[in-house]
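Here the structure comes first, spelled out in structure tokens, and everything after it is commentary.
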Amino acid sequence: MNVQRKLASTQLKPVLLGVLLATSAWSQAAPPEQARQSAPPTLSSKQYSVTSASIEALKLDPPKLPDLSGYTHAAVEAKIRRKPGGRIAAAMLQQTALKDFTGGSGRLREWIVRQGGMPHAIFIEGGYVELGQLARQLPANQFAETTPGVYVARVPIVVAPGATLHIGKNVKELRLSEERGAFLVNDGKLFITDTKLVGWSEKNNAPSAYRGPESFWAFLVSWGGTETYISRRPVASLGYNTSKAYGVSITQYTPEMHKRLKRPRPTGWLIDSVFEDIYYGFYCYEADDVVLKGNTYRDNIIYGIDPHDRSERLVIAENHVYGTKKKHGIIVSREVNNSWIINNRTHDNKLSGIVLDRNSEHNLVAYNEVYQNHSDGITLYESSNNLIWGNRLINNARHGIRMRNSVNIRIYENLSVVNQLTGIYGHIKDLSSTDRDFKLDPFDTKVSMIVVGGQLTGNGSSPISVDSPLSLELYRVEMLAPTKSSGLTFTGILEDKQEEILDLLVRRQKAVLIDPVVDLAQAEL
């Protein structure tokens, strides 16, 4: 089913400060940040040509969206195999699923201190187990029911391969004790439905309070080969700055362990739930086909949603992401490819609303409402071959859409209005003096884009600005002048080309191709 949600209208103040162009125009007003960037030599206006482009070649059908109708609470419940026979055992922490958290004497010592002796964990093995069974079979210093339906885990819980743990509607709340160092590890199948999962301070009898990135918070991690399903309940107060302990994580094992275990990639559905006050609201690494649908991510610490390294075919849809305290609302980073970021609402985040980062390609970013973020609406860093379609980018503190060192970016039918800098901004930046690993995260100082349809209105410095593009194609974009007193004018490399551009775009209703008449590689010599 190809359902394209018609985004709710947003009330905008009228912007009547310039001339409305019927089709498109291009502005080269460089935002202030550009002067501070180290970049390869740029080309002058004499080194660019303006010609008519093929309108037919720019035609593109609306993108086909994935069918979301099957991702429901009922479908999650139907996946649970309630086969009896699961076993519960307490054992020492020295197990494969815990190696990342107990390796080295320093980390093991932490659990010894927290548990007051040689550390143990609870292991779910061999079949289906409901959470209430743990309280009936384990001592209170490991797991207890404190009030009817409210349980506290005082040691880590591990779901072993082949086992299923169901935390369901008979559980009001599962609390993971901060003082005792409890956390939840899925190495099999985990279902959390109609209940609450929270990091808990027994000392304060309250949810754990964030005290800094290095202070322990409980967390949930699901390893390679696992399935994780969270449906219709809140998750809160989890995660800290330790590998794979970021909050709610679905991740392949480390490369060394993966070579030995050869587990398939993990997957899962997180639907219709609330994730709040978590170090990373969501994190994944080398995960496939994960679905994040209909969730609220609010007031999380570093990121709201953060899929990472080589994850594929993710669906990030119909989520509400806001109030992220340190960085971005939604970010996909390092070769997160072939995924859908659609019909989300992301606003009031510390930096950008949506980010594609570090060679994340062949993704669709469509029909999102992105507004009042403290940096850009949508940002692309070193991420080429992506389609940006039908988004509404309103009143962001910097650019509506920004792309750096990214080529073949198709920007169709977007509304980018009253952003404080530019509606659409493309630029290059030389990153060679930074500390990034260029083998892992290569870059090329090139930018190119196609802009078709949509509207750029009332943005602070210019509708569109670009720095030394490989090529630009423009067609059928409505524009109002920026709020600056000089109105809508071409500057920079296109200043001398203004008459040619307007003649094609406005008078002759043509598509415009702007590209260099010299080889950019030669121009940099």
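Cβ coordinates are placed from backbone N, Cα and C, and glycine is handled just like the others.
According to Swiss-Prot, the active site, proton acceptor annotation covers His308. Using a 10 Å radius centred on the Cβ of His308 (active site, proton acceptor) and all shown protein chains, the other Cβ atoms total 24.
Residues 68, 71, 210, 213, 239, 246-247, 250-252, 265-281, 315-336, 339, 346, 349 of the same chain sit 6 or more residues outside the repeat 'PbH1 1' (287-309) yet have a Cβ under 8 Å from a Cβ within it. According to Swiss-Prot, the feature repeat 'PbH1 1' maps to 287-309.
Mean pLDDT of the predicted structure over the repeat 'PbH1 2' (311-334): 99. If you look up Swiss-Prot, you'll see 311-334 marked as repeat 'PbH1 2'.
The repeat 'PbH1 3' annotation in Swiss-Prot covers 336-358. If one looks beyond the repeat 'PbH1 3' (336-358) by at least 6 residues along the same chain, the residues whose Cβ comes under 8 Å of a Cβ in the stretch are 5, 7, 65-66, 304, 307-330, 364-383, 386, 393, 396, 441.
Helix, strand and coil counts under DSSP for the repeat 'PbH1 4' (360-382) come to 0 helix, 10 strand, 13 coil. Positions annotated as repeat 'PbH1 4' by Swiss-Prot: 360-382.
Among residues of the same chain six or more beyond the repeat 'PbH1 5' (383-405), those with a C-beta under 8 A of the stretch's C-beta atoms are 4, 7, 10, 12, 31, 62-63, 352-353, 356-377, 411-429, 431, 443-447, 449, 456, 459. Under the heading repeat 'PbH1 5', Swiss-Prot lists 383-405.
If you look up Swiss-Prot, you'll see 1-29 marked as signal peptide, on the strength of sequence analysis.
Mapped onto three states, the DSSP output places His308 (active site, proton acceptor) in strand.
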